[in-house]
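Enquirer: Before anything else, here's the structure in question.
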Amino acid sequence: MLTCGRFLSSSSAAAATTASFSPLRTLTRSLLRRAHPRLLSSASAAAATAVEPDTKASGGGAGGGAGVARPQWKAAIDFKWIRDNRDAVADNIRCRNSATNLDLVLELYEQYLALQKEVERLRAERNAVANKMKGKLDPSVRLALVEEGKNLKEGLIALEEDLVQLTDKLQLEAQSIPNTTHPDVPVGGEENSVVRKEVGSQRSFNFKIKDHVQLGKELDLFDFDAASEVSGSKFYYLKNEAVLLEMALVNWAIMEVSKKGFTPLITPEIVRSSVVEKCGFQPRAQNTQVYSIEDSDQCLIGTAEIPVGGIHMDSILADSVLPLKYVAYSHCFRTEAGAAGAATRGLYRVHQFSKVEMFIFCRPEESDKWHEELITIEEDLYASLGLHFKTLDMATGDLGAPAYRKFDIEAWMPGLERYGEISSASNCTDYQSRRLGIRYRPTPSEPPPANSKKGKGAGSGPTQFVHTLNATAVAVPRLIVSILENFQQDDGAVVIPEPLRPFMGGLEVLSPKSK
């Protein structure tokens, strides 16, 4: 660490200031200017877009901060933990196929610590000079102290500007670091995922089966052609009983999940880009799945997880309200960039769809338990419909940046002749809450002593970040695919699963329309 020494009055003092700061500032600025190409699919691609010109002066009264790129938000990242667990973090990044540049993050962090220490030292010197000027002084001594204070202030402003820029650079790089991974998660790509559970078996058909596209045409349930003309490819109209089926799936799921203590929500479907980023998505990266609204800081949601995650943003929750459990209905919008081929045709992969999402805010020590609860709810829902499916513990290479662990459910779709994902359940631990600023204040395990001072009693302890979890109750198009293909009959009709019939006015069978 370079030291600046004490400053003397006169122009030589200013020269000494410049000389003593120069090496540290040069090194810092070389890091700030350095270009570091990364894959645009990494989470940092989203973070890298979350900057805007800062036309205000930087902190500490600096006047030269105009035009400095500043992040719109900061995550509460534990850099000391990352540095102290460097090998484990590097291994996790590698297993999850992340493009994070850990070496750069740690290099920036060391520079940040050094620069912060230098700033603090200069602040202390400036305060010491200010204290010396409080008493009666010889005019020449006072003049020297005034000059010394001026030089210290100018040097401090310059270093504070550098500290702001370095902090922003460090934040943008570190936001791409993925969450830690549960020790039981299988390592590798999607093919290494492990089957946790299998429910039911593939139905045997004694007739030539049809896929959902053909069934929908014969039952007059969809219109893809008209939607393509009106909106583009991968859009659709639902018609006739398909409308009732969507409403039935939504109402049935909300009712069943609400019985388990979840609060129903209908969410906004346009949110700020920063909220999308905080939840771990990439609104402006190449091949993003997020629709961004031009000339605004807003996006269409790809899942209700985003607005529900933001409902308690920047707040401290009472321990007594946890866990907070929500079941949210929304439309979802996804670009589905790069998706093509027969395996994605029809309703299987579309740009707009309805979904019912479960979301939980809980204490850290309870998130594994609630993760199991969420996957159990999903399995019970789909088993009650009579679907054949398997639950997978997804491998590291298939985990998004926020997920600590993720379970997927894939249902057998006989018309497509394959299993297709119909839901997932993720434990994101504190990855999202550190970005969204959601904490809680644990209740003390023991009551405060009778003579404790005011403000030191219950509810006054340190806060902790909550854990967040999300899980799909119903992704409507995928379940319509599953129902039509699994419950088709030899005469072209489709039997409605019994739990949905009360929500369809008692309708039991979808029959082909007479020609």
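Cβ coordinates come from backbone N, Cα and C, glycine included.
The shown structure was predicted, so the numbers you read here are calculated from the model rather than taken from an experiment.
I grabbed these lines from TrEMBL:
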- Thr303, Arg334, Glu357, Asn470: L-serine binding site (BINDING)
- Arg334, Thr335, Glu336, Val350, His351, Gln352, Phe353, Glu421, Ile422, Ser423, Ser424: ATP binding site (BINDING)
- 105-132: coiled coil (COILED)
- 211-497: domain 'Aminoacyl-transfer RNA synthetases class-II family profile' (DOMAIN)
- 439-462: region 'Disordered' (REGION)
- Thr472: site 'Important for serine binding' (SITE)
Enquirer: Around His351 (ATP binding site), which residues of its chain at least 6 apart sit with Cβ under 8 Å of its Cβ?
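Expert: The answer is Ser231, Gly232, Lys234, Phe235, Phe333, Arg334, Thr335, Glu336.
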Enquirer: Anything within 10 Å of Thr472 (site 'Important for serine binding')? Look among the binding-site residues Phe353, Glu357, Ile422, comparing CA atoms, and list what you find.
Expert: Glu357, Ile422
Enquirer: Give the sequence-ordered set of same-chain residues, not counting Thr303, Arg334, Glu357, Asn470, with Cβ within 8 Å of the centre of the Cβ atoms defining the L-serine site.
Expert: Ile301, Gly302, Ala304, Glu305, Ile306, Cys332, Lys355, Thr472
Enquirer: Quick check on the binding-site residues Glu336, Glu357: which one has the highest count of other Cβ atoms within 10 Å of its Cβ?
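Expert: Its Cβ has the most other Cβ atoms within 10 Å: Glu357.
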Enquirer: Rounded to the nearest Å, what's the C-alpha distance separating Ile422 (ATP binding site) and Glu357 (L-serine binding site)? Just drop the number here, would you?
Expert: 12
Enquirer: Let's check the environment of Phe353 (ATP binding site): how many other CB atoms sit within 10 Å of its CB?
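Expert: So the number of other Cβ atoms within 10 Å of Phe353 (ATP binding site) is 20.
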Enquirer: Could you round the CA separation between Thr303 (L-serine binding site) and Ser424 (ATP binding site) to a whole angstrom and send it over?
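Expert: Thr303 (L-serine binding site) and Ser424 (ATP binding site) have their Cα atoms 12 Å apart.
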Enquirer: Check the recorded positions Thr303, Ser424, Thr472 for other C-beta atoms within 10 angstroms of each C-beta and report the one with the most.
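Expert: That would be Thr472, with the highest Cβ count within 10 Å.
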Enquirer: Report, in whole Å, the straight Cα-to-Cα distance of Ser424 (ATP binding site) from Glu357 (L-serine binding site).
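Expert: So the alpha carbons of Glu357 (L-serine binding site) and Ser424 (ATP binding site) sit roughly 10 Å from each other.
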Enquirer: If I take the alpha carbons of Ser424 (ATP binding site) and Asn470 (L-serine binding site), what is the distance between them in whole Å?
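Expert: Rounded to a whole number, the Cα-Cα distance is 8 Å.
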Enquirer: Show which residues of the chain containing Asn470 (L-serine binding site), separated from it by at least 6 in sequence, have their CB under 8 Å from its CB.
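Expert: Listed in sequence order, they are Thr303, Glu305, Val308, Gly309, Glu357, Met358, Phe359, Ile360, Ala425, Ser426, Cys428.
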Enquirer: L-serine site residues Thr303, Arg334, Glu357, Asn470: biggest Cα-Cα distance, Å?
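Expert: Taking every pair of listed residues, the largest Cα separation comes to 18 Å.
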Enquirer: Counting other CB atoms within 10 A of each CB, which of the binding-site residues Arg334, Ile422 comes out lowest?
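Expert: The binding-site residues Arg334, Ile422 were compared, and Arg334 has the fewest Cβ atoms within 10 Å.
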